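Structure record follows, encoded as structure tokens.
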Amino acid sequence: MAGKEIYHKMKDKVKDAFSSSGPETGKGKTKLSGKRVKHGYHLVKGKSNHPMEDYLVAEYRQEGEHDLGLFAIFDGHLGHTVPDFLRSHLFDNILKQPEFLSNPQAAIRNAYQLTDAKILESAAELGRGGSTAVTAILISSENSVNLVVANVGDSRAVISKSGVAKQLSVDHEPNKERHSIEKKGGFVSNLPGDVPRVDGQLAVARAFGDRSLKKHLSSEPDVVEEPIDENTDFLILASDGLWKVMSNQEAVDEIKDFKDAQAAAKHLTEQAVNRKSKDDISCIVVKFLC
């Protein structure tokens, strides 16, 4: 199947995943530099009364002579409009950067900032909410595949190498960035029985949107590159609905024997629900096969 056909097929499937509030699931596959890549995703709405605020992307594209795998989790708060906007625009903005192939880290940083600026400009339409983001881009060259992960907030990327979990993203917690927040004139609350919050409101120190808090928040992503080699088993992307109740290594151990990526993603979300996670849960598993 041609790259454009794969892209449209997967894009349509993921868009369809938000037509209801029930569990949604899907999968796809491709070849990158001779390596078989299979992915699966699963989403479950949490216990809150608001509509589903987790969105994801799982698709393949071509950029010049390079085949790409594009995967992302967007965990919204105070509404679904910002994560929905990110799902539709963030990867397009990244790929439009002229230095994307030569310097993907710089391209991603620029695109994150440009996208956040657009969200803030469009606050009248998009509302006062915001979103985390974790993006993972597989870039194939003639003989290798490289993974570039970026994130703001607490949605997480974890890779399994020979069965050992390695976190590629950074959890942007308010306490960790207290100095920066206070330097900008904000504060971090630490009320008994609650998590630390920026200005007593938001439980992450970096996010897209959140116009009312933006003076004290950052949308600057942490970005890291990781080679996909013979020791790479799979990649997990998930919102904090999973990570609140499961460690990185526990997640890897739960699915290490799964051959089907979709079944693995579904299993992780079900385990999170069984462990009393009340938040929306979205999970993507990307498996790498020789």
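Each Cβ is built from the backbone N, Cα and C atoms, and glycine gets one as well.
The annotation in Swiss-Prot ties ASP75, ASP279 to Mn(2+) 2, and of the candidates under consideration, ASP116, ASP229, ASP233, ASP240, the one tied to the same site is ASP240. In sequence order, ASP54, THR132, ASP154, SER155, SER239, GLY241, LEU242, TRP243, LYS244, ASP280, ILE281 are the same-chain residues whose CB sits within 8 A of the CB centroid of ASP75, ASP240, ASP279, the residues recorded for Mn(2+) 2 being left out. The distance from the Cα of GLY76 (Mn(2+) 1 binding site) to the Cα of ASP279 (Mn(2+) 2 binding site) comes to 11 Å.
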